Every structure is written in structure tokens, then in C-alpha cells.
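Going by Swiss-Prot, these are the annotated features:
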| type | residues | note |
| --- | --- | --- |
| BINDING | 505-512, 1137-1144 | ATP binding site |
| DOMAIN | 107-390 | domain 'ABC transmembrane type-1 1' |
| DOMAIN | 774-1061 | domain 'ABC transmembrane type-1 2' |
| TRANSMEM | 111-131 | transmembrane segment |
| TRANSMEM | 143-163 | transmembrane segment |
| TRANSMEM | 215-235 | transmembrane segment |
| TRANSMEM | 240-260 | transmembrane segment |
| TRANSMEM | 776-796 | transmembrane segment |
| TRANSMEM | 816-836 | transmembrane segment |
| TRANSMEM | 887-907 | transmembrane segment |
| TRANSMEM | 909-929 | transmembrane segment |
| TRANSMEM | 1003-1023 | transmembrane segment |
| TRANSMEM | 1029-1049 | transmembrane segment |
Amino acid sequence: MFERINKIKKKIKEKLSYSILKDEKIDYYNLPCPEESASFLSKLTFSWTQRMLMTGYFRGPIQMSDICDLPDDVKVQKTNPILDDIDFGNSKWPLLKFIYTNFVTKNKKSIFIVILCAIFSILSPLCLKYFIKYIQLSKNEKTFLTGLGYCVLLFVGTFSYTLSQQFLYWFGMRTSLHVRGALSQRIYEKMLKLSSSGGKKYSSGSIMNLISTDIGLFADFFWIGHLEIIIFPIQITALLALLCWIVGWSGLVGFGVMIISLPINTFFGSKMSKNLMLSLGYSDTRCNLTSEFINGIRFLKLYAWEKLFLDRIEEQRRLQLKYLYRRVIFAIFEKMLSQTTNAVVLVSTFSVYSINNEIELSVAFTAITIFVNLRQPIMRLPEAIHNLLGLIPSAKRVESFLQLSEIQTQPFINFNNKSINDDILIDNGTFNWNQDNDDYITNNGDNNNNNNKNEIKKRLIEKSEEEYETTTTTTDDNNNNNYESYLLNNINFKAPAGKLTIICGVVGSGKTSLVSGLIGEIYKVSGRVNTPNKISFTTQQSFLLSTSLRENILFGNEMNLERYKKVIEACCLAPDLLQLAAKDLTEIGERGINLSGGQKQRISLARALYANSDCYILDEPLSAVDPEVATHLFNHCIQGMMNDKTRILVTHQLQFIPSADHIVVVDNGKLVQGTYSELKSKGIDFESIMKTKKLNIDNQQQQQQQQQHDENEIIDENPMKKSNSLIESNKLINIDEIISDKHDSNLIEKAKLLVKEDKSEGAIGLHVYREYFKHGSSTFFFIATCVVYFFSQAIFQMTDFWLSTWSQHKLQGKSDSFYIFYYIIFIGLFIVTLVIRYFMLAHVTFSASKNLHTSLLNSVGFASCQFFDTNPSGRILNRFSKDIAEIDLLLYDLFSDVLYCGSTVVFAICVMIYISPLISLPFLVLIIVYNIIKNIYAVSSRDLKRYESITRSPIFSLLQETFNGLVTIRSYQQQNRFISMMQDHININLRLFYYSFSIHRWIGVRLEFISALVVFLTAFFSLFNSNAGFSVLSVTTAIGMCTYLNWAVRQFVELEVKMNSVERIESYINTPKEGNRFTIDNEEEGEENMINLNEKWPSKGEIEFRDVEIRYRPTSEPSLKNLSFKINSNDHIGIVGRTGAGKSTVGISLFRMVECSKGSILIDGIDISKIGLHDLRSSLGIVPQDPFIFSGTIRLNIDPFNKYTDSEIWVALEKVKLKSTISSMPLKLETMIEEGGDGLSFGQKQLLCLSRTILKNSKVVLMDEATSGIDYVTGDLIKQTLLENFNDCTMLTIAHRLDTIIDSTKIAVVDKGELIEYDTPINLINTKNSKFSKLVKYQTDFHKENEKNF
């Protein structure tokens, strides 16, 4: 028989597979929602979901193409606009009130179902009362048809109540999705509008936490909690009225006990709410730190600071768990009180009733059934109330976020007609980063900035160290938080239309603040600003999306192939595209992790150029490229394709100043502006500035004669030496060969960087549960907890047996007090075991939650860089936010429900079979059917949950990227496009919720029908039982079992669904780690392999590369090939080459950020692959190209391990010209800095990173474009500081500015991953046709030409 069933199943599977998969190109987005076209019967039974369920069961795991569209009323586009009418005002809880008014009360169907459900709740006890009376009749008084009629009534009464509950859940679900979608989208849209001051109050991590945790609590509550608060009081009142009718005024005693328990329940609920609010606060901080940790993971690894950050996160986790544990304790007390109340109600009611009445079967068991029906509302009402109270903190957090200050929607007068002067203007403009402290700004009414010109002239010409210490703006003594805000007070600015305006000034002078004022990113307090409608803006730190290079350039604009090709050529990107596997369709990693700094800047510039805007505002777009490329970009982009547009260029590269039509010199928020000749006439001496950066090679050339070098010193035979420069390559490449409308899908797939998020298939494996219990304590301890649960429930079941005995007075000669006494004993034992079981389970789940997070954090924290390259930060943060939140807040209740309901069902079945053995056969059939239905449901339910988790990651990834690129997105007016993208992501995620809830109802209706059938069969077989007491006991047990069986099945499946979070975390816990953190002496490997690493290593600083080859991925082309050279102790090596040549890879290979695929690197004769990563990285020093500043004090950013004294820190700050800046801050070294160093300029961040390295005083130091964001004068002073402080160190300097490395001991020229030249600067200069000599000649000729222009 089973073989035949399998054959049928196979045929169905094949047929279904063909019918569903025959059109593989089907667009699942366009599949209509089957509910909307379903018949009344299909809607009543939720049969419209069966296509998807059967697909999953017969064909295998369901795919996204099997999931239909959402109903229109659930889509974000429909629900989000409803929130437009919310008025926060001065009312209490405005958000909750608004949701109740606009999402709950307007749903008339749900209110009708609430009333219907309350009415049906008393139907089953009434039917039972008359059935018991019938059972107690003598045989002569009974007829089969009458008995059958009562059985049918019991079936109808039971099923009607449970069916109405299903629709109660259904309408609640729709409200939940309305609220989830609307609030999630509203938070994202609010983030797009946040002002600079508003944005500082929230990080991307805390906003993610709002959506994952707080909005999750909203969705959970408005799924059913909001209706429970309405229906439970009605239900309790109706059932109590029925109880009083059955047992008289004795029922009021029980009611009185309930009333007394409510304030205590409310107290516990408020305590739970308070502790939840506190835990959410620490959860926010934890998520912020985790987000910061993931975003800065490369820098933390380079500094060997992972453990420091992990400890900071763990401390916040410890505080979060402290309050979560308190919440669990109060939850246990609340559960104990609820269950104890039920027992006390029974004891008190029957004790009082027995005084004047005899306990009869119809009275006792009808009362018990009423109490069974009362048990859920009595237990769940306090839970619903404290869930509402717990929602209040989340509501306040969401309200606070939604009320943050926004950017000014109309801060400017946009000109688009000839009547308005089309120059870009600021008239008497006063700007501030924080719009909440206008009093901080003083308006002196001085409209003439000429009074400042002498001071600026003095600062530009004089180059003393003291005068060029970096400064910030005036600080308000009354507000310690204003130090980071550059103040622009009463300024006048002009950028002539169709002309080039260059803005220059020292580090921290206010250049970025000025352009931020032009695009509306800082608050305009007063004045007038004229800007065009369409502006392209490039930030100093390039913003790139995790998508293809082409999409980053198009940035939402339509493809114009001819213009696109011109942009690629103008931005010198053709040679870079030629090296990429899928050309411009190659996927760029998050924040452009697989690109060099110069490539990122050129892509950002290409985006601005392609947009074809009225005005281009470019903030330091040339700092990360070599001088030749910078000149090309200036001539072909800024002065080429942009030539007829208004251009505002912020730059430190003053060689371009003579080409400017208008020049603005900024110093400390003050402006002097005019043409070049006008500024010269005012005394601004640009010639002296230019002379500070001229390459000083004349003396070196005079000291040595030109000579031909030995082949051993210079790699003349290297074919790469003969290759063209980037500019020449750009000219020679046929652009049509690399840019095309036709694409090779195989190449595109191969070039993908991000890996697809894994989705497990099938049931949650036992290994996931074992892993959970192992982290909780042990599997044995959990089994012991289960035993206590079953023992506790066995004692509770004895109370029903005892009541049955009491009602029939089977023990002759015993008074009611005897029965009451032992009834109380059973209740007391039950309460004791109740306490034990809850605390045992709390220990398991709480320990698991704590240890899983620790394991996850350590696994991710010490994972390889490739892991972060291929997994977007949003996906990783999803584990730390949503998945951890589900484990923290849900698994305890789910395990408790499953064990409680499961043990109740087991004992109920045992009782029914014991009383009526004949029921065993139909029970077996029903159990088989039950199991089939559960299996059909479980397959799709698991897959939907897994897809829900996966579709959540794009929401967080987009949110993270949007937060990082807010300025760029707003300047390009791309908000609507990103809003639309988020709407799509949220709708897809809601779709998984919708169909997951729908199949919940599908199984619910069927299980409730089978449960009602169980009641019918139990009642039917009891008709043939001569023992009335046992017959009634079996029927009441069956009625009680229905509720618990269905709840057990639902909660078990929900538990399995939520264990998906454990499964997802476990997959990350098993992430391969980088390698050993510490060096291990292993004598077993032999003396030749032993590492003897002392504390002073490296003491010499000798470095040797031996045939090094490095690949970022096993399948990718090598980034470094056959690299062999030696660096002597105390040598200063300059590493040059075009952008993307492999310079940074050479540097970071010393830190083993990428392991050598071939060859080895030795420092002081020791192969660094044998050195622990922490030992290696902590022994080296680095100043990275993109500075990393994390949230915390300035002291913590400079000296996180508290190793140095204040005086040592101040000396380091003085050496990098930051002492006066930091000392002007109110709290000095204890001043708090926001994530990413908001409030500090790019150059200041670089200098702060430099101070860390100076303080560390390592023997080997890597400088990776460490001064690219610093003006030349400050750069010269920093260069002198480096020579003084690192004179006895081995230093590798990666730079595009040749003046930075011209005094190096040797120069290494890298091109296409190979070392093509390596010698002293003078030898390379004197070598005919050397690449370095060409670079020097180019810059020298360029500077000479510029000096003529000056």
C-alpha cells in the first residue's frame, strides 16, 4: 500500500513540477494574489493557499517564483501615506493612538469577529452542561439520536469558537503587516530627510535596530495583542456570567481572586516593560558598536584592535542581558501568578460552593470547562497588557526618531529663469551644523569680508609650525557639543555661472562646510542662497553602491551610450575596465572594497559628469590620483566636458589655481575671493605656496652624474616597463570593445563579488537544537527540564482525577474538607514544580542567548577579510539585530509553550484512551491525518521563514548604504528612486510574512476541525461508557486538549521557524577564521620551523619579499606577481604607480590582510606567515588612506589601551598640528566624537590617525596616502615631522604626490602588480626612459609651467 502511495506521490510531483517550471522566465512579481479571486468557501477555509503548499510538499522546497504578489491594501505604497496625518503634538502616546484609530478601529470586520468570538466562547460549555445531564440519565431515558445530537452540538460549539479565532488572527495579521510596512518605510524616508544635527543622534546600527526590534514589537503586538485587549475582557465577563449561572454566587469568589491578581499582574507587566526598555537602550548601543565594528573591520584588523571593540560590544551585551534576565524573572513570576490564580480560583470556588451544595458532575466539569476556557484569556490578558506596556518604550523611540530635525526643504532660491541672476550666490549667509542652537551664532552684520584678507594673507604666506597648526571654528562656551560644527557666519560667496571656481584653504578651515551650505546639508540660519535645480556633488570620501560599476556611474539615469563612453574616457577609466572580468558590469563591493582610492574617486567623478547637471560641486576629487591622471581629469573633465557648466572645485592642488575663473580662499570660516589677479593685488601670495611643493631634485642631480644602472638594480627586462602610462593606455584603448550593450552572462556571474545568502532546505536539523542546548548548558539539562515539565503536568492532571472522584464521592465516609485538603496539596505540588520548571528553562534559554551572541561575535570578529568582502554589512548586522532579538525575546516563550502544551496533550490522550480504549483506532487515523497536514504545512512554513530572513538582509543593506551616502543621494535628488527601492524590498519581505501567516490559518482551520472531530468522537464513544464520571472527564479533557493541541502544533512549527535564527547564527559561528592570533612555539615541527619572537620584534625593520604572489580570491587574477625585493633597516621606501597598480596591496600584505598565494614575506628574517596575526599587526604601524575614527573620546581614538600619559598624547598631537584644535575643545581629550568622526574634516581625521602611529613608535610603518587630504603647507610640516620621528624606523610610503616621497631612500615603482623599478630616487631620475623619471619630469615641467602662470 505504501509503495502505491509513493508512486502516486511521484507522479503528482512530476506533473506539478512540469506545470510550475515549464515557464522558467515567469515573473513572480506579477503573479496576482490568489485570495483576491478566491470563492467564499476558499476564503473561509484558506484553500487559496494550497497551490503553494502542495508545490512545496510534492515538488520540493518552494522558490520565490512560487510566491504571489501582495494584496493592494497590504503594500507599502497604500499604508505608508496613512501616516502622513499623524500629529505628535502634546498628546500622550500619539503613535499608538494614531495606529489604533487609523489601522484598528477602521477594520470593521475584525471588530465583528471579536464579538462573534466572545459569543462562541460560551457555546461549548453550554453544550457540555446539557451533554453531561444527558449522560447522567438512566438508560431508559436515553435515546441514541438525542445523544448523537448532543455530540454534534459539542462539535459545532467547539469548531465555531476555534474557527472564529482563526479569523481573529487573520484580520490581526493584516493589521500587523499594515503597521510593519508603513512604519518601516516611514523610518527609512525620515532617514533620507535627517538634518546633520538630527543624523548625529542616530547611527545606521540604531536605525536598523528600530526596524528590526522596535517595529518587530509593533508588528507582534498588532498581530493579535491589540485584539486580545478588547476580546479578553468581554470573554472573561461572559464566561464568568455563565459560571455564576452554573455555581451561583460562588463564582464571584473566583472572580474576586482574579480581580485581586490583576494589580499584581500589572505590576509584573510594568517591571517587564521597564526592563525591556532598558535592555533595548543597550541593544541600540550594541548594534551601533557592531555596525561600527563591521564598517571599520579592516582598520581594526590593521591596528589589531578587534579585541578592544569586541570587549566594548560584549560590555553592552552584558548590560542588555542584565535587564533581559530581570525581565525573564518577572515574566516567570507573572506566569506563576497566572497559573496559580487558575488553581486558587478552582479551589476557592468549589470550597465555597460545597458549603451549601453537593458537587455534581454537571456542575463540576462544566465549571472546569469554563475555567479551561478562562485560562487562556486570564493568562494572556496580563501578557497582552504588559506587551502593550512593553510597546510604549518602542513607541517613544520611534516617535523620537520621527520627530528629529530634517534638512531644510526650501533653504534656497532655485533659479530657472533669466530674471534671476544665475550665478551661484550666498548673500549674508549664516550656517550652523546644528539647527537647534541658533543662539550660538552671532550675526555681526559685517557684509564685507575684506577685513579678513590681511589675516588670511599672513596665514597663507608664513609657514611657521605654530601658525599652521590646524584649527577649527569658534566654540560656544555654553554648549560643549558645538566644537565639531564649522560656523559660517554672515558670509558672502559667488561662483560665476558657466565658470570654474576653486575653493582652497588649510585643513579644517571650513571648505567642506561652505559647499555643504550650498547643497543644503547644513542649517541655514539666515541669508539667501541661489543655486540651480540640478547639482552634481562628489564627496571627499567616495560613496559607492554595492552594485555594478556601470550602475554606480548611471546612478538611476537612463543609459546614453555615446555620452557614457565619453565619460569613461574623460575619467580615464578605460584601462581599469579592461582589467576587470566583466568590464563595467563588474560588481563593486560594499564601499568599493575591491577598488583603489583613485578608482573610487574617478567613478564618483564619472557619476557627476554623466549626470549632465547645471552645476558641479567637487570636493577634493583629485587627491587620490597621481599628478598625470589629476591633470587629465582636470583638462578633460573639469575643463573639458564640464566646460560650459558652473564648476566649484575644492582642492589642495594649487597648481590648478591659475586656470580658475574665480578663487575663494577659506580660513576659519572667513572668505576672501576674486579672480587670480584680484587676489594677488590684495596680497595673496600663491607663488610662495607653489614653491613649497616643487620637487627638490636639483641638488641631488648636481651630486651625481647620469649613469646607466646594472640590470640587477633595475629590472630593465621587465616587459611592464615598456607599457604605456595610464593616460597613454586610455588613448590607445578602443572604448567600443569594452563598453557594449551585449553582455556575457558567464563573465558577469564570475565577476560577482557578493555571495548569495545561503538558504537551508528541509527541516531544522537536530544539530541546530544540539548547538542551541550546548550553548545553553547541555542537552542533558534540557532533557531534565522536559522531565520536570511532564512531572508538573502529571500532578496538574491529578487535580482533574481528584475532582472527578470528589464529584462522585467514591471514597465513602470522606467529607468535603478531606477532598479540599488533598486538592490543595496537589495544587501546592504543582506550583512548586511550576517554579522549578520555569527557572530551569530560563537558565537554558538565557545561557544559550548569551553564549550564542559571544560565539557569533568572536567568529565574525576574527573572520578573514574575504568574509566581509563577500557579505554586505546589512546581511551581517541582520544576524546581530533581528536574529539575536528573536533568540532573546521569543525562544523562551516558545519552548515554554511547546513543553507545557505538549505535556498537557500527552496526558490528555493517555486519559482519553484509558477511559475509552475504543477511541484508539480513530485516534490513530486522525493522528496520521494530523501528521500529514503538519508536514505539508511545515515544508512551506520553513521555506517562507528562511526567505523572510533572506529578504530582510537587502532592507538592512540598502539602509546601511543609504545612511553612508545620504549627502550624495540628496545632492543628486535621488530620494524617490531609493524610496522606491526600499518599497520593493519591504513589499517582498511583507509578501513572505503574508503567505506565512496565511498558511498558519490554513493549518489552523484544519487542525481545529480535526480537534472538534476528536471532541465529537470522544463524546460519541462516551455514550457507551457506564461510568458517567469518567465519560465526562474524557470529554472535558478532549475539549481542553483541542486548545492545547492546536497551540502546541502552531508553537512547535513557530519554534522550528524561529530556530532558523539559531541556524543562521550557527552558519556564521562556523565561519573560517583568519589564522592564529598569537604566535605559538611548536617544538614538534622541528627546530627549523620554530619561531622565537621576543617582545621587541621587529628590532631591525628589515623586510624582504620573496617571489610574492597575492590573489584576493582564488579565482581572481593575481594582484601582485613575482614580487621580490629587499628593504634594509631604517630605509624609507616610496611606493609609486598609477591607481589600481597594486601599491596598497604591497603595503597591506605586510599585515597579512591577504595571504600570499605564493612566496613569502620576511621581517627581520622571520616569515610573517608563521607569526600570530595579533603579534604581527600590533608590532607594525600604519596610517591608512581612508582614516578610521570610531565613536568615543579623542583619547580612546588615539590611545585605546590607555598605555600613554596625557603629556605623551599632547606631544603626539602637537607633532601632527592638532594640539590647538583639540585643546580648544571644552573637554579636551575627553571630548566625544561621533561614528566616522563627524565634525572633523578629512584631513583632520588623517592627522588623528597619524598621531596614533607617532605615539605607537613602531619599527616598521606604512603610510598609505596619509596626507592626501592635507594642504601642501601643512603637508610639508607633517613631512618634516615624519622625518624627525621615524628616522630610525623602516617606513613605506604610498603616495601620488612625488614631493612626499622624493627624499626616500629608495623608490619602488609598481605597475599591474609587478615591481618594474626599484632604486634610489636620483638613480631612477637619471635612468633614461625610467617610468619614475617620466613621472618626475612630468611634475617638474608641470610645476614650471604653473610657476610661469603664477
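Each residue, glycine too, has its Cβ placed from N, Cα and C.
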*Segment proximity, the transmembrane segment (816-836) to the transmembrane segment (776-796), 3 or more C-beta pairs under 8 Å*: yes
*Given the binding-site residues Ser509, Thr1139, which one has the fewest other C-beta atoms within 10 angstroms of its C-beta?*
Thr1139
_Quiz question: given the binding-site residues Val507, Ala1141, which has the greatest number of C-beta atoms lying within 10 angstroms of its own C-beta?_
Val507
*Which one of the binding-site residues (Gly505, Gly1137) has its C-beta surrounded by the most other C-beta atoms within 10 angstroms?*
Gly1137
_Per DSSP, three-state class assigned to Gly505 (ATP binding site)_ = coil
*Would you mind checking how many other C-beta atoms are within 10 angstroms of the C-beta on Lys511 (ATP binding site)?*
28
